[in-house]
């Protein structure tokens, strides 16, 4: 579905000190931005921010950064962060393909990828956020033995992503084809997940760790 342009979104985001407009300036300096030594976790494709805010409020000792491309979506994530008074969140409006310019070696402790675009056509697969090209970039700034938590409702993407992780030097430490019937207790539900689980969608989930 095409999002209607919200011309007011970018000025409102730029006016907030929770939005990082030039993130490359913070490479290697994110702990200075948060003013603490807590771990930094990323959500790639954070959407409207429910997952991000819930995680941050439940884990105030951890710093969270949500990244997404569309201002029309991110403005709602920002509003949630402000309403929640979650000081341990920053929002970055950015194409994730540029992420290598934003984080330095060993600067990030975990990545969450929730229901990303499956890019099913062969010529599009390199755009997948779990593709080996992206995974090898993430490894440049993830700490040793860090984890990537990945959720999707697309079986093809899920099964091919397992191959991507192994090829890129990750072990798969946990996997389920039906997260909500798995007994896994640390799941935080996204807006998309909540809506479509109620319609019968099964969520596939894995935790991959750098070997």
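Using the three backbone atoms N, Cα and C, a Cβ is placed for every residue, glycine included.
Residues annotated as S-adenosyl-L-methionine binding site in Swiss-Prot: 43, 68, 95, 117. Annotation for residue 68 (S-adenosyl-L-methionine binding site): spatial neighbours 45, 46, 47, 74, 77, 92, 93, 94, criterion Cβ-Cβ under 8 Å with sequence separation of six or more.
Taken from Swiss-Prot, the feature substrate binding site covers 121, 153, 190, 191, 192, 193, and the record attributes it to sequence analysis. In the structure as shown, the Cβ atom of residue 121 (substrate binding site) sits within 10 Å of 8 other Cβ atoms.
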| Among the binding-site residues listed here (43, 95, 117), which has the Cα closest to the Cα of residue 153 (substrate binding site)? | 117
| Same chain, 6+ residues apart, C-beta under 8 Å of the C-beta of residue 192 (substrate binding site), given in sequence order | 47, 114, 115
| request: Rounded to the nearest Å, what's the C-alpha distance separating residue 43 (S-adenosyl-L-methionine binding site) and residue 190 (substrate binding site)? Just drop the number here, would you? | output: 11
| query | Can you tell me how far the Cα of residue 95 (S-adenosyl-L-methionine binding site) sits from the Cα of residue 193 (substrate binding site), in Å? | reply | 23
| query | Under a criterion of Cβ-Cβ distance under 8 Å and sequence separation of at least 6, what residues of the same chain contact residue 190 (substrate binding site)? | reply | 47, 50, 51, 114, 115, 151
| said: Name the residue among the binding-site residues 95, 117 whose Cβ has the smallest number of other Cβ atoms within 10 Å. | reply: 95
